[in-house]
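Taking it in order: structure first as structure tokens, then the write-up.
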Amino acid sequence: MTTTALRARTEHAWARFAARRLARLLVSVWVLITAAFLIIHLIPGDPVRAALGPTATPELVAARRAALGLDDPLWQQYVDYLRGLFTGELGTSMTSGLPVSQVLGDRLPATLELALLAFAVAVLVSVPVGLLFAVLTRGGRRRPAELGFTATSIVLAAIPEFLLAVALVWIFGVNLGWLPVAGRDGAASYVLPVLALALAPAAVLARILRVETLAVLRADHVRTARAKRLPDRHVYLRHVLPNSLTAAVTLGGLLLGSMVAGTVLVENVFAWPGLGSTIVSSILAKDYPLVQGIVLVYGVGVLVVNLLVDVALALLDPRSTIREG
Amino acid sequence: MARRWAGVLRSPLGASAAVLVAAILVLAVLAPLLWTDAATATDTARISQGASAEHWAGTDSLGRDIFARVLVATSLSVRLALAATAIGVVVGLLLGTAPLLVGRRAGRLVTAVVNIAVAFPGLLLALFFAVIFGVGATGALFALGLAIAPAFARLTQTTTARVAGLDYVAAARIAGVGRFRVLFRHVLPNVAEPLVVNATVAAGSALLAFAGLSFLGLGVQPPDYDWGRLLGEGLGAIYLHPAAALAPGVAVVLAGLAFNLFGEALAKVLGERRPLERPVRRTAAEPAPDDSAMLVVEDLRVAFPGVEPVRGVGFAMDRGDAVGIVGESGSGKSLTALAVSRLVDESGEVRAERLSFLGADLRAGPHRRLLGTSLAMVFQDPMTSFNPTMRIGRQLAEVACEHQGLGRAAALDRAVDRLDAVRIPEPARRAAQYPHEFSGGMRQRAMIGMGLMGSPALIVADEPTTALDVTVQRRVLSLLADIRAADDVALLLISHDVTVVEQVCDRVLVMYAGRIVEDLPSAELRSRARHPYTRALLAAVPDMTTDRSLPLAVIPGRPADPAHLPTGCAFAPRCPLADERCTATEPDLVADDAGRRVACWHADIPVEVRA
Amino acid sequence: MRELRFDDVTVHFGSRRRGVTAVDGVDLTVPAGTVVGLVGESGSGKSTLARAAVGLAPLSGGRILLDGEPVPRRGRRPLRMVFQDPYSSLNPRMTTGASIAEALPRRTADRRAEVARLLDLVGLAAEQAGRYPGELSGGQRQRIALARALAGEPEVIIADEITSALDVSIQGTVLNLVRDLQRRMGLTILFISHDLAVVRYVSDVLAVMYRGRIVESGPAEQVLADPQDPYTRDLLDAVAAPVHSGHQADRGRNP
């Protein structure tokens with residue numbers, strides 16, 4: 001096979017990978033949109049009556065139904081919904097009367113900031129810590145360090161973010177008074193929410209990275225690297241880390257996804273003006289158009305994260321494009 | 001099985017987790033009976049008070065005792081969590097096993113749906129379903145159950161698919177066993193452990209997630225209360241009396257931790273089996289080989305906790321020698337090779353009277369430069385012995401950068417040159433490829449090329465052709481022979497295959513149970529072998545001249561297990577010549593005038609190998 | 001015992017454009033009461049052919065016939081298979097007796113006695129029926145697998161690399177057993193292996209498979225004494241002649 005032929009094959013593999021991945025993304029987005037659309041139709045009874053309460057007059061309910069297009073045939077509503085999505089028209093909030101797209105635009109940046117900052121903190125803490133403890137405790141060395149690490153990471157991972165948030169509020173806000181406990185105002189206000197969101201995923205990630213690294217350390221090709229008599233740091237950085245990272249990236253993606261969800265709880269504890277506090281209030285207020293919009297945004301966010309993870313994996317592991325094909 | 005479950009309780013982690021879980025379950029049953037009155041009694045005189053001797057965690061806005069409420073809430077919290085887990089597990093099992101039961105096309109559809117659902121975090125799914133089922137305990141219950149289901153379905157799918165691909169399932173299908181019986185008899189029992197572990201952990205997460213939903217106001221509604229509800233009510237007043245928020249918080253964490261730890265302990269005990277600890281046996285050292293040689297190994301021992309798989313091996317090699325080590329699994333042949341090249345895992349302890357290579361004492365210091373340039377290793381599995389994330393050329397060049405001080409470009413040039421030397425066509429293009437783009441035989445040649453980056457005096461090849469096809473095997477062996485002839489390189493070849501060793505080596509060391517039992521020229525292997533094991537090994541393997549009308553010779557019993565060696569000669573239990581002396585005392589390895597060595601009390605008795 | 005015939009059998013995996021043809025138009029007859037040895041390297045398609053025979057791999061073309069009739073795919077199967085890996089071919093949660101009994105026809109009257117008879121056939125004591133695979137050695141497991149294959153008197157047995165996972169000193173006992181059972185019971189066996197010496201030892205007829213095709217077949221002595229196909233000659237050279245240096249052995253067909 002000539003060099004050109006090989007390059008062509010490689011590009012072909014990438015094109016196939018991209019096409020397959022894109023198809024999967026489109027199907028997922030379609031399922032998501034349909035699910036969001038169906039929310040309002042799956043609710044038992046009349047959603048408008050439920051939203052407006054038993055005291056609302058039948059005329060008001062009927063008017064609101066008509067405004068929402070709920071009296072049209074289902075397929076008509078579905079087509080309208082899809083058309084609206086393409087033009088950025090997501091309906092109107094039933095409680096505030098504002099366009100849903102405007103509410104989303106106002107609230108999304110705060111949530112994004114929170115999730116991304118927390119993710120960065122989690123990765124920056126967990127990767128060195130996991131690698132360090134793998135190297136320190138390899139081959140059953142330093143039992144106490146291993147025990148301490150495992151115990152700490154299990155406990156941290158078991159504390160859900162909203163409880164951690166409450167604990168942080170109590171310690172740093174109530175007792176010590178060092179940091180603000182609510183709102184989004186200045187750098188100091190970010191510390192506690194980011195910590196609350198990042199600690200548990202960091203513990204999980206560090207733990208997985210240690211286990212993965214230990215497994216890679218036992219692999220045949222690391223023995224080959226040792227047979228080359230390379231200095232230890234070369235063995236760890238060139239031959240071990242790239243191979244243990246693949247697992248960490250897969251898991252990191254899952255964690256980023258669950259961090260997006262975790263913002264819902266953390267935002268409620270810290271009264272953070274993001275999507276998370278909005279979705280809860282809109283569910284309680286039965287503001288269905290707003291709920292639909294937020295569900296869509298969260299869902300798309302998760303799908304984008306998954307896509308990024310797959311691309312990162314394909315770049316990290318030269319085998320992956322071919323392995324899938 | 002039952003014994004292994006009991007093992008969970010014996011580990012300290014498992015025991016404490018089990019006690020915690022049991023305590024929570026007992027509390028869940030008893031608390032409502034004992035403290036419901038205290039938890040519901042309003043006391044308008046004591047509204048929203050802090051912790052006191054009477055009210056350990058203070059009182060709420062109606063003056064009710066928060067500690068009692070936390071205790072009573074155990075019941076609802078645990079029941080809801082378990083019910084949600086049950087829903088999730090049942091739905092997950094149905095979805096997960098569907099691909100095995102329904103047809104291929106329907107199965108694929110189910111898998112696709114699960115794959116999409118599993119991409120979304122549980123909490124988002126729970127929120128989605130909570131909107132549909134409505135705000136309240138029942139809605140949250142179903143929402144959470146359905147949110148657990150996709151992950152559980154996925155786990156069920158992957159584990160059952162793995163087991164369903166195993167040969168015993170194929171054998172059952174071939175025998176005409178129906179698909180339901182296959183599922184219930186062959187597949188599910190063999191995946192039960194990971195599923196149980198996962199369900200336990202899922203129960204823990206469900207508990208936490210339910211607390212989260214109730215905390216948000218989407219779960220349990222007043223007048224009912226669970227931990228999450230109490231926490232939400234307490235948070236508003238955290239400045240006034242923090243105990244109201246902290247008490248339910250601590251309860252949630254404790255309970256969640258208990259389930260998680262219990263799952264953790266289950267996984268640990270069910271997942272790994274520890275080797276039994278055995279006392280290390282000592283045997284007499286072998287006679288010292290001459291000491292001017294290139295490689296001198298004297299009384300080499302390798303021990304791991306509880307076993308000593310290599311028990312006093314000694315031999316010497318000169319430049320250009322080709323020595324083969326043959327033996328079955330457990331004979332210690334591979335460990336001997338690893339010990340000689342100083343590559344035994346850190347958990348193993350290597351000791352030797354002498355271990356010298358080119359005059360350097362390998363027992364002292366790492367000898368990086370010397371071993372990196374003068375000793376080449378070839379491993380058994382060419383598929384796994386290269387770093388999959390690094391180009392082949394770079395993996396070779398590394399050696400020259402490290403030990404010969406070459407720059408990156410010069411080192412890469414040398415790598416290409418070495419790939420050419422091991423007859424890899426288009427070496428420059430191949431050097432830029434990743435290992436998975438090489439065939440097995442080519443990888444093994446590249447591995448040999450890696451050893452040739454320096455100027456090796458010794459190539460240690462551990463089963464270099466076992467993973468290769470016979471015609472490819474031949475090319476690799478002849479490459480090794482060429483290198484040996486061209487540069488006077490010595491070759492230490494480890495193999496289970498007598499024929500391979502016979503084809504390539506001048507001398508053969510036969511190992512059994514961690515010792516050399518015979519050492520002789522390979523030309524004399526078939527004619528003058530004296531150890532009954534060597535002779536039996538040759539007779540037991542058919543070759544192209546074996547008489548088809550006679551049964552093959554058989555060595556009774558199974559290969560010696562290094563962890564359970566008999567006293568006396570380790571081969572005695574399988575040996576037709578064994579007598580009392582053999583079972584009492586282990587024979588030494590004794591050399592004759594011609595330098596042939598054998599360790600057998602009956603080495604001089606001619607034996608007809610029993611058919 | 002009946003005759004097993006592969007008639008222009010093709011097995012293709014994957015899509016039409018990008019897939020792999022593992023077995024490519026194979027014609028092969030296993031006459032009743034004989035052992036046909038099928039030798040070939042990894043990837044030659046020999047295991048796929050075996051799996052196709054017992055219905056584990058889908059046919060893309062051709063037919064597999066028992067005495068001229070298509071092999072039934074429902075109910076009691078007339079073809080049985082013994083696998084390579086004795087550690088994954090027995091359910092670790094079932095006693096060996098239960099594994100064997102499961103393969104017996106439903107109407108078998110005294111299953112316990114039948115299991116004992118089968119164990120005796122493969123040289124194991126009846127007590128072994130109560131043991132779990134984990135307690136047995138590789139050689140014993142392979143005997144159990146043979147007993148399971150014999151349960152219910154199959155027409156043809158397919159043995160796929162049944163000795164290659166065993167230690168060399170154990171391999172001989174299993175080969176002896178196969179040879180002995182075949183002679184005593186007149187079994188029809190398709191014996192697959194990559195090891196020419198092993199195939200030669202047990203087979204009457206030899207077929208050589210290379211890249212999905214049978215390149216040569218005939219009476220074993222004849223094929224070995226006078227190989228016609230260059231690949232068969234390569235294979236014979238590889239096991240027979242010693243390796244010398246300076247011997248450019250790169251004349252094989254593999255790149």
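Numbering starts at 1 and runs along the chain as it is shown here.
Cβ coordinates come from backbone N, Cα and C, glycine included.
Note: TrEMBL annotation is automatic and uncurated.
Residues or ranges marked as domain 'ABC transmembrane type-1' by TrEMBL: A:108-309.
Under the heading transmembrane segment, TrEMBL lists A:21-43 (among others). Long-range contacts of the transmembrane segment (A:21-43) within the same chain: residues 50, 68, 70, 74, 77-78, 81-82, 85, 288-289, 291-292, 295-296, 299-300, 303, 307, 310-311, each at least 6 residues beyond the stretch ends and with a Cβ under 8 Å from a Cβ of the stretch.
Outside the transmembrane segment (A:114-135) by six or more residues, the chain places 145-146, 149, 190, 193-195, 197-199, 201-203, 205-211, 213-214, 217, 236, 241, 244, 248, 252, 255-256, 259-260, 263, 266-267, 272, 274 with a CB less than 8 A from a CB of the stretch. Among the features that TrEMBL reports, transmembrane segment is placed at A:114-135 (among others).
The feature transmembrane segment is assigned by TrEMBL to A:147-172 (among others).
Per TrEMBL, the feature transmembrane segment maps to A:187-209 (among others).
Here TrEMBL flags A:245-270 (among others) as transmembrane segment.
Look at TrEMBL and you will find A:290-316 (among others) tagged as transmembrane segment. Non-local neighbours of the transmembrane segment (A:290-316) in the same chain are 14, 17, 21, 25, 28-29, 32-33, 35-37, 39-40, 90-91, 93-95, 100-101, 103-104, 108, 242, 245-246, 249-250, 252-253, 256-257, 260-261, 275, 278-279, 282-283; each lies 6+ residues outside the stretch with a CB under 8 Å from one of its CB atoms.
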Intrachain residues whose Cβ lies under 8 Å of the transmembrane segment (A:147-172), provided they are six or more past its termini: 133, 137, 178-179, 181, 191-193, 195-197, 199-200, 202-204, 206-207, 210, 262, 265-266, 268-270
